[in-house]
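Asks: Okay, so TrEMBL annotates it like this:
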TRANSMEM  20-39  transmembrane segment
DOMAIN    83-227  domain 'Flavodoxin-like'
BINDING   89-94, 141-144, 176-185, 211  FMN binding site
DOMAIN    282-524  domain 'FAD-binding FR-type'
BINDING   301, 538, 599, 600, 605, 606, 607, 608, 609, 642  NADP(+) binding site
BINDING   457, 458, 459, 460, 475, 476, 477, 481, 491, 492, 493, 494, 680  FAD binding site
């Protein structure tokens, strides 16, 4: 009946209106057009798939480039290379080491290339055996609590989940870690072992670099023995040729239009003028400084409470996350380099990779002025590594300066001693070296190629998004210290932040680029779970956010568990930061107990570790009997280690366990995220 009625209605309409309306014609044309393109596109794809059954046709030029770039094997074969050096880097050091190895390969008749595993199809490792006398080297850093770096995460997961046959792959691994952390070089060790399990051949034993000691020395020593093993494995000899070949060539950009010149942006040109969400490591958010106030009450040290305005940015953070701050070098140091080298810092230039196959065309955003490069992109305040000493030799006109550089660049015991004393102990940066070796006058473009990239600085966020959704707070100590050569070194980020003081609303507020880095340092899912927080000094920062979040829950009427805070500083009337806030949280019941240690307010020094030992019953009651969580934030080198030892001792005594049982108990707490550390060295 419905169909019949439909026909009748249609017939009636036809008698009253024109047979075909303009709308009908338009719809008909659209339908025919869509059908035509769908049919012939399908037919074309079908015929293509018949001709090439195992290929996927890229849909755009960018896809073509991405597919091409991801195959490092094709690059090796097309350019006659046999050495590829992969890096897993968070701060740039592993990438730098990878570049040095690839460069030295020429001395052993192994043309090399550097590769970012994030940009490569690592499954192509199975094809390395097709290249005669090939070698894959991995410079891999361990980051955080035994995690791979961001750019090595996919490769790490591929190794974990895959079972590729890597027989015929020759490899070596150098790890970058820090012995003050529990998971020392864990990722590099895993990769070294996993590659062997999958059938690959280890050409040289793994190297483990310790950034808490002298990672440069560890790397150089390992690298020298690596090449000995390579020569033995492949039956080759060193050519003896020096590898001081420029990786980048200088391009004069004086004719480039001003709007095409970088002025400090991290990646995208004009990104600070035209901000686009999402914001990340390559696209930071230019945040206004809303608050910048002093926390110390007296004394000659400074600790800043800083609030970054993120209103309207769409940025979201969780309590316990970190914020990355992009600093810039002081104009005083930048100008000094210009004076020492008699260089025009406002000249516009670019550095272009001489390796046309490299995915990294420039060492930093180019074109830009030398002033911009030295201010925003290059690290001019850290201690230069030995390879920079080696590259500076040719620029020394005084034989004495030349010999000193040669000695420090060598791997002899005398050379290592001189480098350690003159560079590391005396804390010289590149500016100090150019001042103290006045005959050394490197070309400024070469110096820009040699210096490492200026890295962002990470700070624990000291606020809760529940309470402060439109701002991010940090707590930062101003870094200033005098070196053995009587120079004053200043922390790059904190000294910049100290100058960014908000003014009245009529004037533009100071800004700085930031982005949020996610953390595993988290409150328990249930607000009723009791917690212990141990954070002397600025280690209090994330716990301020924890307390704010629990206080917010309490005000909402939710039940919250016990919160016990151990805080320590030098003197109560000097550097007891956030004192009023903490006392208020104690008064309203959010903070159950506040244990305070003022180390210099009495003849014998008193630290939070002493208080922990005195409160063993309380510790065990929360982490043992009530299955609570324990958090540590602060110095990794001594404080965090001492806390760990005390916790193991408490578990032994109060839990009536043996030493090995107590260690296993604490280890299980860590695995369950009931024992978390946010520490630095």
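Heads up, the Cβ atoms here are built off N, Cα and C, so glycines get one too.
Just tell me what is around each of these and how deep it sits.
Replies: The local packing around residue 493 (FAD binding site), expressed as other Cβ atoms within 10 Å of its Cβ over all shown chains, amounts to 22.
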Asks: Write out how many residues of the domain 'Flavodoxin-like' (83-227) are helix, how many strand and how many coil, based on DSSP.
Replies: 65 helix, 35 strand, 45 coil
Asks: Please give me the binding-site residues out of 144, 178, 181, 184, 475, 477 that lie within 10 Å of residue 301 (NADP(+) binding site), comparing Cα atoms only.
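Replies: Taking 144, 178, 181, 184, 475, 477 one by one, the ones whose Cα falls within 10 Å of residue 301 (NADP(+) binding site) are 477.
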Asks: List the Cα distance (Å, whole number) between residue 141 (FMN binding site) and residue 493 (FAD binding site).
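Replies: About 23 Å separate the Cα atoms of these two residues.
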Asks: CB neighbours of residue 607 (NADP(+) binding site) within 10 A?
Replies: 16
Asks: Once near-sequence residues are set aside, which residues in the chain of residue 680 (FAD binding site), 6 or more away, have Cβ atoms under 8 Å from its Cβ?
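Replies: Non-local contacts for residue 680 (FAD binding site): 634, 635, 636.
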Asks: Would you kindly give the Cα-Cα distance separating residue 475 (FAD binding site) and residue 599 (NADP(+) binding site), rounded to the nearest Å?
Replies: 20
Asks: Of the binding-site residues listed here (92, 144, 477, 493), which is spatially closest to residue 605 (NADP(+) binding site) when Cα positions are compared?
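Replies: Considering only the listed binding-site residues, the nearest one is 477.
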